[in-house]
Amino acid sequence: MSIGVVHEQTITFEAGIRLESGRILAPITLVYELYGTMNADCSNVIMVEHAWTGDAHLAGKRREDDPKPGWWDAIVGPGRLLDTDRYCVLCSNVIGSCYGSTGPASINPRTGKRYNLSFPVITVRDMVRAQELLLDHLGIRRLLCVMGGSMGGMQALEWATQYPERVASVVALATTPRPSPQAISLNAVARWAIYNDPTWKKGEYKHNPKDGLALARGIGHITFLSDESMWQKFERRFSAKDGLFDFFGQFEVERYLNYNGYNFVDRFDANCFLYLAKALDLYDVAWGYESMTDAFSRITAPIQFFAFSSDWLYPPYQTEEMVTCLQGLGKEVEYHLIQSAYGHDAFLLEHETFTPMVRSLLERVAP
């Protein structure tokens, strides 16, 4: 059952936070959405973390005639995995993004102009540090669960290691303890696409550098898919409107990348894309610790990992490295390798593959 129309909420923290870089980012505005009702002691809250270009609009619609629900609508609502008759679900837009939370596209109150490249470099840990302010504001002492895929999974790991006393359980899907050189190199090429768009102007543009950003997004889309899913979706079909020997004729897969790339330009800011890509590349769960073992020794909550067989952006072996480390520490950990043709995006597209296991975990830890 759908949860209907949901309205985003906004809170500003004037004091801000000290970032990993040592700089102070203040004030900080966070946009968030809530689904369901908190119980008396706020012990039924599940925090869902979004991925790279996601937002706080996890589920429901923004208005009655909204043609598209939130990005993980299928798992949120009465009777669904995150049952809003039982749980209160929270999703917050990360700092560095362009969907209402403070980021490069925000106005710097000291100058009255957009931050652009004067915005400080942020990390995934900084994102979570800002979210802690939100939990304090809402009166949430401890999350029943923190859950996310991809960059959302990184945030879940940060909650587990940095604030173990505030997390009762963790679900991390299609994520990594640190991006590989291959993942970093793909982001590098995406960055070059934006840097080399003459309309980018070193971040001081008036209008989004559409060609560079569309190309960058196209590169990203390739990493979200898999060889098998591309065969299933496109085969080697040629676009019907193009002649076979038209020099600019396109295969269906080319048309798909072009369409999604340029659609993305209308909804995401190029500088925010670059800053979040940097945060992804910098991510290392062992940052500030002697080792992953040292970092994971802090975890007290049961943790579930899900990897997807055709995910070549964050392949299963990267999840398995974390599982092995946690098992060696005697931590309560589950690992599920899901056979899927959908690549990295499988966690968004095949929720039924992990629903039973996550539901079981929530039943165990629920008050």
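If you go along the chain as it appears here, the first residue is 1 and each next one adds 1.
Including glycine, each Cβ sits where the backbone N, Cα and C put it.
The active site, nucleophile annotation in Swiss-Prot covers Ser150 and is backed by sequence analysis. Per Swiss-Prot, active site is recorded for Asp311, His344, and the stated evidence type is sequence analysis. Look at Swiss-Prot and you will find Arg217, Asp345 tagged as substrate binding site, backed by sequence analysis. The feature domain 'AB hydrolase-1' is assigned by Swiss-Prot to 44-350.
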Inset, instruction - Select one residue from Asp311, Asp345: among these recorded positions, choose the one with the most other Cβ atoms within 10 Å of its Cβ. - result: Asp311
Inset, instruction - With an 8 Å cut-off on Cβ-Cβ distance and a minimum sequence separation of at least 6, pull the same-chain contacts of Arg217 (substrate binding site), or say none. - result: Ala190, Asn260, Gly261, Phe264, Val265, Phe268, Phe273
Legend entry - Whole-number Å value for how far the residue listed as 'active site, nucleophile' lies from Asp345 (substrate binding site) (Cα to Cα): 9
Legend entry - Overall pLDDT of the domain 'AB hydrolase-1' (44-350), taken as the mean: 97
Legend entry - Same chain, 6+ residues apart, C-beta under 8 Å of the C-beta of the residue listed as 'active site, nucleophile', given in sequence order: Ala51, Trp52, Leu173, Ala174, Thr175, Tyr314, His344, Phe347
Inset, instruction - Note down the number of other Cβ atoms within 10 Å of the Cβ of His344 (active site), including every protein chain shown. - result: 25
